[in-house]
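Quick one: structure below, then a few questions.
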Amino acid sequence: MGSDRWKNIGGTPQMEDSAQEKTQRKGCGYILCTVLLSVAVLLAVTVTGAVLFMNHYHAPSTEPPPVITTNMEDPNALVTIERADSSHINIFIDPNCPDPFPRLDGLQSALLSALADHDSEQKVAGGKERVLLTSLSDQVAQMVSQVARQRADWEIVKKVQNGLGAEIGALKNEQGRLIKLLSEGQSHVVQLGSSVSEVLETVQRELGSGRPRLKADLQRAPSRNSRPRGCANGSKPRDCYDIYMSGQQEDGVYSVFPIHYPSGFQVFCDMTTDGGGWTVFQRREDGSVNFFQGWEQYRDGFGKLTGEHWLGLQRIHLLTMQTHYQLRIDLEDFENATAYALYNTFGVGLFSVNPEEDGYPITVSDYTGTAGDSLGKHSGMKFTTKDMDNDHSENNCASFYHGAWWYRNCHTSNLNGQYLTGHHASYADGIEWSSWTGWQYSLKFTEMKIRPQREEN
């Protein structure tokens, strides 16, 4: 009994030790299952997150996304992932662990719901992108249509501009033709006037009241030492030639009384050059008078008769309207060389009812002399000043060349230009007579004067 008791006593600890070992082994198993289950869940979440990350950030692919499902065929597999190439990834759990499927079903449902939401968001985003692309496409179409309309409008404007250019060209051609016709008409009028004058002179000679008899009577007038202002028979002189024929044959200032201006005005008479009897209407000699004047000054005259002066366009017109006049221009350079130009036909505003409105056009022809013809090309032109542009140039020739003259486009002579001393660097803006000294030499002395055409006895 003692022995049995010993066995019992000794055996009891062994039985208690065996139960304790079972309990420890069972606790370790639960811990191990829990750890494995946690690892499996974490692995499933990680794989699912990786798949979602790849679906969200990677470029679009034609391959279908992996399919995540529970494996009904293998009860030990927690999750099965099927790839596009039909391969599978199974996540297993220990069969000795407690049943985790109720919790895993919830996790699976949540994962599938997240995937569905992600797909829905992608579909919504894709729909928005399609709407945006459609809107952009419509806007681009509208812009293309607008550009097409603008191009069509531009083509229309271009055609209109081309048409206007052609019309302007035609108008310019017509203007040139009209100017040519007017010039030819003026020449014909001048010729007609000359013919009429010749007829009148013929009639005068036939009636016995011609100028030759008057000249013979005047040549028997008082001697040149006497200085009465007027003709010997008491009639008023019309110009310096009448004064000369009355016996007053010294240079100086005299009064003349044109037919259409009986109150008269004073002029300077050149009684020595080429037989005398010249009425001076322009002189340049020292630059003391500014000839860059306006229209009114050139119409009425300025300066001093005994020095530099311009008699005035209106007075020149009144003188040359009386009979046929010739023009003499005397020139001198700074080397004291001299030359002259003689025009047997000269007049200002000969065929004008209102010469000022017509611009006091010049008529000049029949050149002889030593200076060359630098005025003939100006015949028929109106007078231009810095404030009255009557020339054919786009610019005002008077302003451009600092003078006043019967400019065309622009000049071959400029006797009312700046008083410069001989050669100058500027172009054609001095006292120029191009046929004698060119366009860059300003003359020292000029004198323009008129006298009735001389008649043979």
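Glycine too: its Cβ is placed from the backbone N, Cα and C atoms.
Found this in Swiss-Prot, in case it helps:
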REGION    1-20  region 'Disordered'
TRANSMEM  34-54  transmembrane segment
REGION    216-235  region 'Disordered'
CARBOHYD  ASN233  N-linked glycosylation site
CARBOHYD  ASN336  N-linked glycosylation site
SITE      TYR401  site 'Implicated in ligand binding'
SITE      HIS411  site 'Implicated in ligand binding'
SITE      TYR427  site 'Implicated in ligand binding'
SITE      ALA428  site 'Implicated in ligand binding'
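How about a rundown of where these features are and what they're close to?
Around ASN336 (N-linked glycosylation site), a 10 Å sphere centred on its CB holds 8 further CB atoms from the protein chains shown.
Every protein chain considered, the tally of other Cβ atoms within 10 Å of the Cβ of TYR401 (site 'Implicated in ligand binding') stands at 26.
A simple way to gauge crowding: the CB of HIS411 (site 'Implicated in ligand binding') has 28 other CB atoms within 10 angstroms, across all the protein chains here. According to its DSSP assignment, HIS411 (site 'Implicated in ligand binding') is coil.
DSSP classifies TYR427 (site 'Implicated in ligand binding') as coil under the three-state reduction.
With a cut-off of 8 Å between CB atoms and residues at least 6 apart in sequence, the same chain places TYR401, CYS410, HIS411, ASN414, GLY417, SER434, TRP439, GLN440 near ALA428 (site 'Implicated in ligand binding'), listed in sequence order.
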Including all protein chains shown, what's the count of other C-beta atoms within 10 A of the C-beta of TYR427 (site 'Implicated in ligand binding')?
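Around TYR427 (site 'Implicated in ligand binding'), other Cβ atoms within 10 Å: 11.
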